[in-house]
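Per Swiss-Prot, active site, proton acceptor is recorded for Asp315. The annotation 3-phosphoshikimate binding site is assigned in Swiss-Prot to Lys20, Ser21, Arg25, Ser167, Ser168, Gln169, Ser195, Asp315, Lys342. What Swiss-Prot lists as phosphoenolpyruvate binding site is Lys20, Gly92, Arg121, Gln169, Arg346, Arg388.
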Amino acid sequence: MIIIEKTEQIKGTINAPPSKSYTHRAVICASLADGTSEIISPLNSADCLSSVHGAMMLGAEIDATDKNKWVVVGNNNSPKTPNNVVDIGNSGTTLRILTGIASQIPEGYAILTGDSSIITRPMQPLLDALNQLGIRAFSSKTDGTAPIIVEHGEIKNNVVKIRGDMSSQFITSLMMTMPFSKMDSTIELTTPLKSAPYLDITIDVLDKFGVKIEKVKNKNKLTKFIIKGNQKYKPYSYTVEGDCSSASYFIAAGVLMNSDITINNIFKNSKQGDREIVNIVKKMGAPIIEEEDKIIIKGPYKLKGIDIDVKDTPDLVPTIAILGCFAEGTTTIYNGEHVRLKECDRLMACAKELTKMGAKITEKPDGLIIEGVGKLNGAEMETYHDHRLVMAFTVAGMMAEGKTIIKGEDAVKISFPNFVEAIKSIGANITIK
């Protein structure tokens, strides 16, 4: 467990960890290429290593012993039939992307599963989409969750329709699978898209590895994606940028506390949706300094509550919830039904756990209404095996009066293995027992 005492001041320079989203996509694209790629500055986390393991099961050769550079020999656009069940641990991204890719094995079946949390995550929308393409993919339990069984087979149809307001990972999986088709093909969105920046990341990484995706808009709304057939993944030397989601906890701590911190490896031109945290804290009243590749914060700042649409930034919800507790007035988080489909129901978890600390939060179907109380009290916090809750609640504990105990700190291995060391390095009053 993590034990946190109120922290009076934070000071220093930290480097944002490499992006989890970019690392996943880059290593899987490299694993399909017709040559040798390098992934430079990858995120060496449990989730991303699940993608390494899964890609190797499908025929890639990957040397991940150097934590600063992974060397990937691709399977030459020909995934191999795995010789065992593909266990992807706790990585939903890996499960969803490789479910599509696994359909391109030459014979037999691929079975994909994971830990006790992963086998509860919804998969049916992706399975239905793959079935539309003529691919046989189904839940072994017939309930739309892993274990997932995928049969080898060519893509027979060239149009797939899928909701845009569920998980963008389903669409990412289709984008990375459909270039194997002999035909030009189309992904049509049947509902407005949420988490669009994650698809921009997918398209950006695919482009670097030689695969092109065209976006089509109707009345300024994204409605479909067009994917040319017979495309081939090409090798590439890919450098992973910093993770804005992980940086958000340091940004929150910086604006709330007496601080003088610099966060490196966060780029102004990033396609990551979670870079929106910079705009959010500015709108709330924190004039933080942005440079080309870093953020400088000299807090504390007096924040005011605002309304925040989290359609494209679901991973920021726990961070925003903490900020709202200390802002003057009301902070409303809305358009976040999909936040309930993450590692846990994050809307429920934030409302329930922060209330223990004295927060005034009303849970809504699509978000949270947070009345700024200006003060929290230490409490014992459950984190539901969710890495983002561990990190957000740590910031809450640093601001709270008294002692805060956070359970399940091992979850940070998913996205930010050295989180505790990093936040201690700038002055957080934390011990681990």
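Cβ coordinates come from backbone N, Cα and C, glycine included.
Values in this document were obtained by computation on a predicted structure and should not be read as measured data.
Lys20 (3-phosphoshikimate binding site) sits 12 Å from Gly92 (phosphoenolpyruvate binding site), taking the Cα positions as reference. A 10 Å radius around the C-alpha of Gly92 (phosphoenolpyruvate binding site) takes in these recorded positions out of Arg25, Ser168, Asp315, Lys342, in sequence order: Lys342. Note on proximity: among Arg25, Ser168, Ser195, the binding-site residues of the record, the Cα nearest Arg121 (phosphoenolpyruvate binding site) is that of Ser168. Figure note: comparing Cβ neighbours within 10 Å for the binding-site residues Arg25, Arg121, Arg346, the maximum is reached by Arg25. Taking the C-alpha positions, the distance from Lys342 (3-phosphoshikimate binding site) to the residue listed as 'active site, proton acceptor' comes to 9 Å.
Note on the binding-site residues Lys20, Lys342, Arg388: the fewest other CB atoms within 10 A surround the CB of Lys342. The two recorded residues, Ser195 (3-phosphoshikimate binding site) and Gln169 (phosphoenolpyruvate binding site), show a Cα separation of 9 Å. Put simply, Asp315 is the one of the recorded positions Arg25, Ser168, Asp315 whose Cα lies nearest to the Cα of Arg388 (phosphoenolpyruvate binding site). Classification of Gln169 (phosphoenolpyruvate binding site) by DSSP places it within a helix. If you take the Cα of Arg25 (3-phosphoshikimate binding site) and the Cα of Asp315 (active site, proton acceptor), they are about 18 angstrom apart, rounded to a whole number. Within 10 Å of the Cβ of Gln169 (phosphoenolpyruvate binding site) there are 26 other Cβ atoms, across all protein chains.
Among the binding-site residues listed (Ser168, Gln169, Arg346), Arg346 has its Cα nearest to the Cα of the residue listed as 'active site, proton acceptor'.
The binding-site residues under consideration are Ser168, Ser195. Their Cβ neighbour counts within 10 Å are lowest for Ser195. When the Cα positions of Lys20, Ser21, Arg25, Ser167, Ser168, Gln169, Ser195, Asp315, Lys342 are compared pair by pair, the longest gap among these 3-phosphoshikimate-binding residues is 18 Å.
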